[in-house]
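**Q** Dropping a structure here in C-alpha coordinates format, bear with me for questions.
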(Lines of atoms letter the chains of each structure in order from A and count residues from 1; the text may use other names and numbers.)
(Lines give C-alpha, C1' and ligand atoms only; values in the text may rest on other atoms or scores of the structure.)
Protein backbone atom coordinates (compact mmCIF):
# COMPACT_ATOMS: atom_id res chain seq x y z
CA UNK A 1 0.00 0.00 0.00
CA UNK A 2 3.01 2.32 0.05
CA UNK A 3 3.11 5.25 -2.38
CA UNK A 4 6.41 7.09 -1.90
CA UNK A 5 8.22 4.61 0.37
CA UNK A 6 10.17 2.98 -2.47
CA UNK A 7 11.15 6.40 -3.80
CA UNK A 8 12.31 7.44 -0.33
CA UNK A 9 14.42 4.30 -0.03
CA UNK A 10 15.95 4.82 -3.48
CA UNK A 11 16.85 8.39 -2.53
CA UNK A 12 18.58 7.53 0.73
CA UNK A 13 20.25 4.50 -0.88
CA UNK A 14 22.06 6.97 -3.10
CA UNK A 15 23.58 8.49 0.05
CA UNK A 16 24.52 5.02 1.28
CA UNK A 17 26.36 4.52 -2.01
CA UNK A 18 28.35 7.71 -1.43
CA UNK A 19 26.41 10.30 -3.45
CA UNK A 20 26.18 13.67 -1.66
CA UNK A 21 25.32 15.79 -4.68
CA UNK A 22 21.61 16.52 -4.25
CA UNK A 23 21.11 16.89 -7.97
CA UNK A 24 22.09 13.22 -8.39
CA UNK A 25 19.79 11.80 -5.71
CA UNK A 26 16.46 10.57 -7.01
CA UNK A 27 13.81 7.86 -6.74
CA UNK A 28 11.26 6.37 -9.07
CA UNK A 29 8.93 9.36 -8.58
CA UNK A 30 11.55 12.01 -9.32
CA UNK A 31 14.45 13.86 -7.67
CA UNK A 32 14.99 14.21 -3.93
CA UNK A 33 13.28 17.47 -2.89
CA UNK A 34 13.40 17.26 0.92
CA UNK A 35 16.07 18.73 3.23
CA UNK A 36 18.80 16.77 4.98
CA UNK A 37 16.84 15.88 8.12
CA UNK A 38 14.60 13.74 5.94
CA UNK A 39 17.65 11.88 4.62
CA UNK A 40 18.98 11.03 8.08
CA UNK A 41 15.63 9.88 9.50
CA UNK A 42 14.71 7.74 6.51
CA UNK A 43 18.28 6.44 6.31
CA UNK A 44 17.69 5.05 9.81
CA UNK A 45 14.42 3.51 8.63
CA UNK A 46 16.27 2.11 5.61
CA UNK A 47 18.53 0.06 7.85
CA UNK A 48 15.85 -0.87 10.41
CA UNK A 49 13.58 -2.25 7.66
CA UNK A 50 16.24 -4.37 5.92
CA UNK A 51 17.11 -1.75 3.30
CA UNK A 52 13.49 -0.75 2.91
CA UNK A 53 12.15 -4.20 2.04
CA UNK A 54 10.24 -4.86 5.29
CA UNK A 55 7.31 -2.55 4.66
CA UNK A 56 5.18 -4.20 7.35
CA UNK A 57 7.75 -3.28 10.01
CA UNK A 58 7.79 0.29 8.68
CA UNK A 59 4.00 0.40 9.07
CA UNK A 60 4.29 -0.74 12.68
CA UNK A 61 6.81 2.03 13.31
CA UNK A 62 4.49 4.59 11.75
CA UNK A 63 1.62 3.27 13.89
CA UNK A 64 3.79 4.02 16.93
CA UNK A 65 4.53 7.46 15.48
CA UNK A 66 0.79 8.04 15.15
CA UNK A 67 0.26 7.28 18.84
CA UNK A 68 3.16 9.52 19.86
CA UNK A 69 1.69 12.32 17.75
CA UNK A 70 -1.68 11.96 19.50
CA UNK A 71 0.06 12.10 22.88
CA UNK A 72 1.86 15.33 21.92
CA UNK A 73 -1.35 16.85 20.52
CA UNK A 74 -3.41 15.88 23.57
CA UNK A 75 -0.81 17.50 25.79
CA UNK A 76 -1.17 20.75 23.83
CA UNK A 77 -4.96 20.60 24.05
CA UNK A 78 -4.87 19.90 27.77
CA UNK A 79 -3.03 23.18 28.20
CA UNK A 80 -5.48 25.21 26.11
CA UNK A 81 -8.67 23.90 27.77
CA UNK A 82 -10.68 25.07 24.78
CA UNK A 83 -11.99 21.89 23.18
CA UNK A 84 -14.78 19.69 24.67
CA UNK A 85 -13.68 16.09 25.31
CA UNK A 86 -16.11 14.49 22.85
CA UNK A 87 -14.28 16.16 19.95
CA UNK A 88 -11.26 13.94 20.55
CA UNK A 89 -13.30 10.98 19.32
CA UNK A 90 -13.25 12.53 15.85
CA UNK A 91 -9.52 13.16 16.06
CA UNK A 92 -8.75 9.56 17.07
CA UNK A 93 -11.32 7.44 15.32
CA UNK A 94 -13.15 9.28 12.56
CA UNK A 95 -10.47 10.01 9.99
CA UNK A 96 -9.88 7.24 7.49
CA UNK A 97 -7.56 9.49 5.49
CA UNK A 98 -5.26 10.29 8.43
CA UNK A 99 -4.95 6.62 9.40
CA UNK A 100 -4.09 5.81 5.80
CA UNK A 101 -1.46 8.57 5.54
CA UNK A 102 0.26 7.48 8.74
CA UNK A 103 0.05 3.73 8.85
CA UNK A 104 -0.35 2.61 5.24
CA UNK A 105 1.27 5.21 3.02
CA UNK A 106 4.42 5.97 5.06
CA UNK A 107 4.77 9.59 3.96
CA UNK A 108 7.34 11.90 5.54
CA UNK A 109 4.67 14.48 6.42
CA UNK A 110 3.67 12.72 9.68
CA UNK A 111 7.33 12.65 10.79
CA UNK A 112 7.67 16.39 10.28
CA UNK A 113 4.41 17.13 12.10
CA UNK A 114 5.28 14.93 15.10
CA UNK A 115 8.51 16.88 15.58
CA UNK A 116 6.61 20.16 15.13
CA UNK A 117 4.13 19.25 17.87
CA UNK A 118 7.06 18.41 20.14
CA UNK A 119 8.41 21.90 19.46
CA UNK A 120 5.03 23.45 20.34
CA UNK A 121 5.04 21.56 23.65
CA UNK A 122 8.49 22.98 24.38
CA UNK A 123 7.31 26.51 23.57
CA UNK A 124 4.46 26.05 26.05
CA UNK A 125 7.03 25.05 28.68
CA UNK A 126 8.97 28.27 27.95
CA UNK A 127 11.88 26.24 26.59
CA UNK A 128 12.27 28.44 23.57
CA UNK A 129 15.79 27.45 22.59
CA UNK A 130 14.96 23.75 22.56
CA UNK A 131 11.68 24.53 20.85
CA UNK A 132 13.49 26.42 18.07
CA UNK A 133 15.89 23.48 17.71
CA UNK A 134 13.09 20.98 17.17
CA UNK A 135 11.15 23.41 14.99
CA UNK A 136 14.17 23.64 12.70
CA UNK A 137 14.51 19.85 12.78
CA UNK A 138 10.88 19.56 11.62
CA UNK A 139 11.62 21.99 8.77
CA UNK A 140 14.56 19.79 7.78
CA UNK A 141 12.18 16.87 7.26
CA UNK A 142 9.65 18.74 5.15
CA UNK A 143 9.42 22.40 4.22
CA UNK A 144 5.67 22.73 4.95
CA UNK A 145 6.55 23.41 8.61
CA UNK A 146 7.66 26.87 7.46
CA UNK A 147 3.95 27.77 7.40
CA UNK A 148 4.26 28.04 11.20
CA UNK A 149 7.32 30.32 10.90
CA UNK A 150 5.51 33.71 10.68
CA UNK A 151 3.70 32.93 13.93
CA UNK A 152 6.91 31.79 15.61
CA UNK A 153 8.70 34.95 14.46
CA UNK A 154 5.88 37.07 15.93
CA UNK A 155 6.15 35.29 19.28
CA UNK A 156 9.94 35.54 19.40
CA UNK A 157 9.93 39.24 18.56
CA UNK A 158 7.28 40.05 21.16
CA UNK A 159 8.79 37.97 23.94
CA UNK A 160 12.48 38.67 23.41
CA UNK A 161 12.60 41.80 21.27
CA UNK A 162 14.52 42.14 17.98
CA UNK A 163 17.93 41.63 19.57
CA UNK A 164 16.80 38.88 21.92
CA UNK A 165 15.17 36.97 19.06
CA UNK A 166 18.44 36.76 17.10
CA UNK A 167 19.95 33.90 19.20
CA UNK A 168 16.74 31.87 18.83
CA UNK A 169 16.64 32.43 15.09
CA UNK A 170 20.34 31.58 14.92
CA UNK A 171 19.57 28.18 16.44
CA UNK A 172 17.13 27.50 13.61
CA UNK A 173 19.61 28.59 10.95
CA UNK A 174 22.63 26.84 12.46
CA UNK A 175 20.86 23.50 12.70
CA UNK A 176 19.96 23.69 9.00
CA UNK A 177 23.62 24.31 8.15
CA UNK A 178 24.87 21.49 10.37
CA UNK A 179 22.37 18.96 9.01
CA UNK A 180 23.01 19.96 5.42
CA UNK A 181 26.80 20.26 5.74
CA UNK A 182 27.78 17.03 3.88
CA UNK A 183 25.58 18.06 0.96
CA UNK A 184 26.53 21.75 1.12
CA UNK A 185 30.21 20.85 0.88
CA UNK A 186 29.53 18.74 -2.22
CA UNK A 187 27.15 21.04 -4.12
CA UNK A 188 25.72 23.96 -2.10
CA UNK A 189 23.62 25.41 -4.91
CA UNK A 190 22.20 21.99 -5.80
CA UNK A 191 21.28 21.29 -2.16
CA UNK A 192 19.56 24.61 -1.52
CA UNK A 193 17.67 24.73 -4.83
CA UNK A 194 16.45 21.13 -4.53
CA UNK A 195 15.57 20.94 -0.82
CA UNK A 196 14.11 24.45 -0.44
CA UNK A 197 12.48 24.95 -3.81
CA UNK A 198 9.67 27.45 -3.21
CA UNK A 199 8.70 27.53 -6.86
CA UNK A 200 7.82 23.87 -7.37
CA UNK A 201 5.05 23.17 -9.85
CA UNK A 202 2.31 20.82 -8.64
CA UNK A 203 0.40 18.40 -10.84
CA UNK A 204 -3.24 19.36 -11.38
CA UNK A 205 -4.41 15.74 -11.21
CA UNK A 206 -3.50 15.49 -7.53
CA UNK A 207 -4.96 18.77 -6.28
CA UNK A 208 -7.57 18.53 -3.54
CA UNK A 209 -8.39 22.21 -3.15
CA UNK A 210 -8.40 23.75 -6.68
CA UNK A 211 -10.20 21.12 -8.78
CA UNK A 212 -12.88 23.61 -9.85
CA UNK A 213 -10.32 25.79 -11.65
CA UNK A 214 -9.26 25.25 -15.27
CA UNK A 215 -5.79 23.69 -15.38
CA UNK A 216 -4.30 26.66 -17.21
CA UNK A 217 -5.43 28.96 -14.37
CA UNK A 218 -4.12 26.52 -11.76
CA UNK A 219 -0.67 26.60 -13.38
CA UNK A 220 -0.61 30.33 -14.17
CA UNK A 221 1.98 32.44 -12.38
CA UNK A 222 -0.50 35.28 -11.82
CA UNK A 223 -2.69 32.91 -9.81
CA UNK A 224 0.31 31.90 -7.69
CA UNK A 225 1.21 35.54 -7.06
CA UNK A 226 -2.38 36.34 -6.08
CA UNK A 227 -2.34 33.52 -3.54
CA UNK A 228 0.98 34.76 -2.16
CA UNK A 229 -0.43 38.27 -1.81
CA UNK A 230 -3.50 36.91 -0.02
CA UNK A 231 -1.27 34.85 2.26
CA UNK A 232 0.94 37.78 3.23
CA UNK A 233 -2.03 40.10 3.59
CA UNK A 234 -3.90 37.73 5.92
CA UNK A 235 -0.78 37.16 8.02
CA UNK A 236 -0.28 40.90 8.32
CA UNK A 237 -3.87 41.52 9.39
CA UNK A 238 -3.80 38.78 12.03
CA UNK A 239 -0.39 39.92 13.31
CA UNK A 240 -1.60 43.52 13.67
CA UNK A 241 -5.12 42.94 14.99
CA UNK A 242 -5.67 39.37 16.24
CA UNK A 243 -2.45 37.87 17.53
CA UNK A 244 -1.51 38.54 21.12
CA UNK A 245 1.60 37.76 23.10
CA UNK A 246 0.24 35.02 25.35
CA UNK A 247 -1.44 33.03 22.61
CA UNK A 248 1.31 30.58 21.69
CA UNK A 249 -1.01 27.92 20.31
CA UNK A 250 -3.42 30.34 18.65
CA UNK A 251 -0.65 32.25 16.89
CA UNK A 252 1.15 29.14 15.61
CA UNK A 253 -1.97 27.26 14.53
CA UNK A 254 -3.56 30.23 12.75
CA UNK A 255 -0.27 31.02 11.02
CA UNK A 256 -0.24 27.50 9.60
CA UNK A 257 -3.96 27.54 8.76
CA UNK A 258 -3.68 30.78 6.78
CA UNK A 259 -0.93 29.13 4.75
CA UNK A 260 -3.17 26.11 4.12
CA UNK A 261 -6.02 28.35 2.93
CA UNK A 262 -3.69 30.12 0.47
CA UNK A 263 -1.81 27.03 -0.68
CA UNK A 264 -1.13 26.67 -4.41
CA UNK A 265 -2.16 23.02 -4.13
CA UNK A 266 -3.04 20.51 -1.44
CA UNK A 267 -2.33 16.83 -2.02
CA UNK A 268 -3.91 14.05 0.01
CA UNK A 269 -0.96 13.52 2.35
CA UNK A 270 -0.99 17.24 3.16
CA UNK A 271 -4.08 16.70 5.32
CA UNK A 272 -1.79 15.96 8.27
CA UNK A 273 -0.41 19.49 8.00
CA UNK A 274 -3.45 20.82 9.86
CA UNK A 275 -5.82 17.97 10.75
CA UNK A 276 -4.81 17.86 14.43
CA UNK A 277 -5.13 21.65 14.76
CA UNK A 278 -8.71 21.86 13.42
CA UNK A 279 -10.51 21.22 16.74
CA UNK A 280 -8.59 24.03 18.40
CA UNK A 281 -9.24 26.41 15.50
CA UNK A 282 -12.96 25.64 15.62
CA UNK A 283 -13.42 25.74 19.40
CA UNK A 284 -10.98 28.48 20.46
CA UNK A 285 -13.61 31.20 19.96
CA UNK A 286 -16.76 31.72 22.04
CA UNK A 287 -19.63 29.34 21.37
CA UNK A 288 -21.89 32.17 20.20
CA UNK A 289 -19.88 32.59 17.00
CA UNK A 290 -20.50 29.05 15.78
CA UNK A 291 -22.74 26.45 17.40
CA UNK A 292 -21.19 23.18 18.51
CA UNK A 293 -23.26 21.29 15.96
CA UNK A 294 -22.05 23.52 13.13
CA UNK A 295 -18.44 23.05 14.20
CA UNK A 296 -18.85 19.28 14.14
CA UNK A 297 -20.51 19.58 10.73
CA UNK A 298 -17.54 21.58 9.42
CA UNK A 299 -15.17 18.88 10.67
CA UNK A 300 -17.27 16.27 8.88
CA UNK A 301 -17.38 18.21 5.59
CA UNK A 302 -13.61 18.73 5.65
CA UNK A 303 -13.12 15.02 6.24
CA UNK A 304 -15.52 14.22 3.39
CA UNK A 305 -13.62 16.53 1.06
CA UNK A 306 -10.31 14.86 1.85
CA UNK A 307 -11.81 11.39 1.41
CA UNK A 308 -13.20 12.12 -2.06
CA UNK A 309 -10.82 10.58 -4.57
CA UNK A 310 -10.27 11.89 -7.10
CA UNK A 311 -11.32 15.32 -5.95
CA UNK A 312 -14.31 16.89 -7.63
CA UNK A 313 -15.60 20.38 -8.22
CA UNK A 314 -17.97 19.97 -5.25
CA UNK A 315 -15.42 18.49 -2.85
CA UNK A 316 -12.94 21.28 -3.58
CA UNK A 317 -15.63 23.94 -3.23
CA UNK A 318 -16.85 22.51 0.09
CA UNK A 319 -13.27 22.50 1.37
CA UNK A 320 -12.85 26.19 0.58
CA UNK A 321 -16.22 27.05 2.12
CA UNK A 322 -15.25 25.26 5.33
CA UNK A 323 -11.84 26.91 5.40
CA UNK A 324 -13.47 30.29 4.84
CA UNK A 325 -15.93 29.77 7.70
CA UNK A 326 -13.11 28.83 10.07
CA UNK A 327 -11.05 31.83 9.03
CA UNK A 328 -13.98 34.21 9.45
CA UNK A 329 -14.85 32.93 12.90
CA UNK A 330 -11.18 33.22 13.91
CA UNK A 331 -11.22 36.83 12.77
CA UNK A 332 -14.56 37.91 14.23
CA UNK A 333 -14.32 35.77 17.35
CA UNK A 334 -10.96 37.04 18.58
CA UNK A 335 -11.20 40.84 18.71
CA UNK A 336 -10.02 40.61 22.31
CA UNK A 337 -7.15 38.44 23.59
CA UNK A 338 -8.13 34.80 23.95
CA UNK A 339 -5.83 34.30 26.93
CA UNK A 340 -4.42 36.54 29.65
CA UNK A 341 -1.53 38.66 28.51
CA UNK A 342 1.11 40.86 30.04
CA UNK A 343 4.75 41.76 29.67
CA UNK A 344 7.15 38.91 28.87
CA UNK A 345 8.61 38.91 32.36
CA UNK A 346 5.20 38.37 33.90
CA UNK A 347 4.46 35.54 31.50
CA UNK A 348 7.59 33.70 32.56
CA UNK A 349 6.80 33.93 36.26
CA UNK A 350 3.03 33.43 36.37
CA UNK A 351 2.21 29.68 36.61
CA UNK A 352 -1.50 30.19 35.88
CA UNK A 353 -0.72 31.86 32.58
CA UNK A 354 1.34 28.93 31.32
CA UNK A 355 -1.65 26.68 31.77
CA UNK A 356 -3.93 28.77 29.58
CA UNK A 357 -1.96 28.74 26.35
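In case you wondered, yes, glycine gets a Cβ from its N, Cα and C as well.
All TrEMBL annotations are machine predictions without curation.
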**Q** Per TrEMBL, which of 165-185, 186-206 is transmembrane segment?
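**A** The range carrying the transmembrane segment annotation in TrEMBL is 165-185.
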**Q** Can you work out which residues elsewhere in the same chain, 6+ from the ends of the transmembrane segment (165-185), have a Cβ less than 8 Å from its Cβ atoms?
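**A** Residues 20-22, 35-37, 40, 128-129, 132-133, 135-137, 139-140, 153, 156-157, 159, 191-192, 195.
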**Q** Excluding the flanking five residues on each side, which residues at least 6 beyond the ends of the transmembrane segment (136-158) place their CB within less than 8 Å of a CB in that stretch?
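**A** Residues 34-38, 41, 108-109, 111-113, 115-116, 119, 123, 128, 164-165, 168-169, 171-173, 175-176, 179-180, 195-196, 235, 239, 243, 245, 248, 251-256, 258-260, 270, 273, 344.
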**Q** Using a Cβ-Cβ cut-off of under 8 Å, list the residues of the same chain that are 6+ residues beyond the ends of the transmembrane segment (106-124) and lie near it.
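**A** Distant Cβ neighbours of the transmembrane segment (106-124) are 2-5, 8, 34, 38, 41-42, 55, 58-59, 62, 65-66, 68-69, 72-73, 75-76, 79, 130-135, 137-139, 141-142, 144-145, 148, 155, 248-249, 252, 269-270, 272-273, 276, 354, 357.
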